[in-house]
Amino acid sequence: MRLVAGIDSSTQSCKIVIRDAATGALVRSGAATHPDGTEVSPHAWWDAFLQAAEQAGGLDDVAAAAVGGQQHGMVALDAEGEVIRDALLWNDTRSAAAAEALIVEHGGAEHGRAAWAQMIGSVPVASLTVTKLRWLADAEPENAQRVAAVALPHDWLTWKISGSSTLEDLVTDRSEASGTGYYDTAAGAYRYDLLAQALRISEDAAARIILPRVAGPNEQVGTGDDARGWGGMLLGPGAGDNAAASLGIGMGTGDVSISIGTSGVVAAVSPTPIQDSSGLIAGFASATGEYLPLAVTLNGSRVLDGAARMLGVDHQRLSELALAAEPGAHGLTLVPYLEGERTPNLPHATGSFVGLSLDSMNPQDVARAAVEGLLCGLADGLQALTQQGVPVNSIQLIGGAARSAAVQQIAPAIFGRDVQIPEPGEYVADGAARQAAWVLSGTEGPPQWTSSAVTAVTAEPTPFVRERYASRRHLFAEQG
Ligand SMILES: Nc1ncnc2c1ncn2[C@@H]1O[C@H](COP(=O)(O)OP(=O)(O)O)[C@@H](O)[C@H]1O
Ligand SMILES: O=C(CO)[C@@H](O)[C@H](O)COP(=O)(O)O
């Protein structure tokens, strides 16, 4: 049996699955947590990776591996390959003003949005790497001047696993490059002019900055570090976590995934590029040569983490409380912008409870409002996706908070359509493992592994909950 490893270096943790390359059967797994915060040392990801690999029984007998990772995080490297400063993660909103400035510099707010959508497939928001580089240039010019290469979390981890310290060996894939903000997703080429704009340097100087080479979807990009005993392990290009998840659950055209991890992500596979100048849909690429338009909220699973903490209960009890309440929570709405928000783009917003009354001021309705508020935000993302003409034939619910029975049962009521629940699993790591098996096989398409069992959940639609949410989602205070 030949083994492949899939690694998910996500916001909150590193997870590793080791699977049989031929059948996809799970053989071993491991996990380790990442530090909290939106600014994290990449070395912490490396430590968590080593810990997770050890827990998974090591990688010595693994024939191929690939890494899926949280998207967009800025890993700035100096000429020696050292990390210049802690990485700013996708959910760090300090570059919100930089995002606005980058847009306005292309002919004003409205024209600028259309220009960016046309140039790269997305409108910059604080999550995108390009805005973090502008922030670096303005806030830490001495660090900006030392930048010799820019990687993303998964690119950097793949490079570390290879044992290389040569910047030219950095490799990425289309799905990750498409989330940087300096990659033309439709044309498949870096835009050094946009990198120059972000860093306020000349195009010649920008062209000297090393960006990871964009490898093909099943290209072998290197081998593991020989010094660690991983020399016989082929490395795949890896992918952004959402693209890896789409490969993990085997999405095709018409399939939509709604992932509720730290971020809430509504994603679909599209054969053609999407360029949404409203900015609600990011026009990223998939891990298989297609496109992966998606809507991303900053407030996913942590809405429920926070609600459980507030009520002094665990997730099981939070779910029971939410399911014990009536739909609509006696008029209570949670506007869930707890960490600011990205879709809609409200980086300085805070959350709010709207409609509190003596009828609703109880744990059941608070729990219900938390689940409904989270899902209404995602339903808005789903609507934005369909407005771009993306077909929606089926919806699969994945990510940590998809384990919640309340989320599973209330989601079809809020979305107004059935949802499919695959068995709980690590679908980002699975997608990375499937890519590794694809690299190993050298076949044209990824291996056909047996899909996990899927449960369909149906519910009576509750459109009044979404309508009330829509009439209240502007009712929040700004931070500070
Ligand atoms: N049963 C559950 N109900 C609600 N939330 C859950 C449950 N199990 C895990 N979570 C939440 O899911 C999140 C982790 O999910 P994950 O998809 O691994 O996130 P990420 O990929 O962003 O690191 C955590 O916030 C965790 O509290
Ligand atoms: O920013 C995005 C996608 O654009 C996020 O989806 C990140 O990729 C983080 O993902 P999770 O850690 O929440 O899975």
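Keep in mind that glycine also has a Cβ here, set from the backbone N, Cα and C atoms.
Fair warning: this is a prediction, and the values are worked out from it, not measured in the lab.
The feature domain 'Carbohydrate kinase FGGY N-terminal' is assigned by TrEMBL to 4-248. What TrEMBL records for Asp8 is site 'Important for activity'. If you look up TrEMBL, you'll see Gln71, His72 marked as substrate binding site. As annotated by TrEMBL, active site, proton acceptor applies to Asp241. Taken from TrEMBL, the feature domain 'Carbohydrate kinase FGGY C-terminal' applies to 257-438.
Sequence features annotated in TrEMBL and their locations in the structure.
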residue: Asp8; record: site 'Important for activity'; CB count, 10 Å: 29
residue: Gln71; record: substrate binding site; CB count, 10 Å: 30
residue: His72; record: substrate binding site; CB count, 10 Å: 28
residue: Asp241; record: active site, proton acceptor; CB count, 10 Å: 33
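DSSP assigns Gln71 (substrate binding site) to coil in the three-state reduction, outside any helix or strand. The DSSP secondary structure for Asp241 (active site, proton acceptor) is helix. Here the CA atom of Gln71 (substrate binding site) lies 7 Å from the CA atom of the residue listed as 'active site, proton acceptor'. Each residue contributes its Cα atom, and for Gln71 (substrate binding site) and Asp8 (site 'Important for activity') these two points are 11 Å apart. Cα separation, His72 (substrate binding site) to Asp8 (site 'Important for activity'), rounded: 15 Å. In the predicted model, the domain 'Carbohydrate kinase FGGY C-terminal' (257-438) shows an average pLDDT of 97. Mapped onto three states, the DSSP output places Asp8 (site 'Important for activity') in strand.
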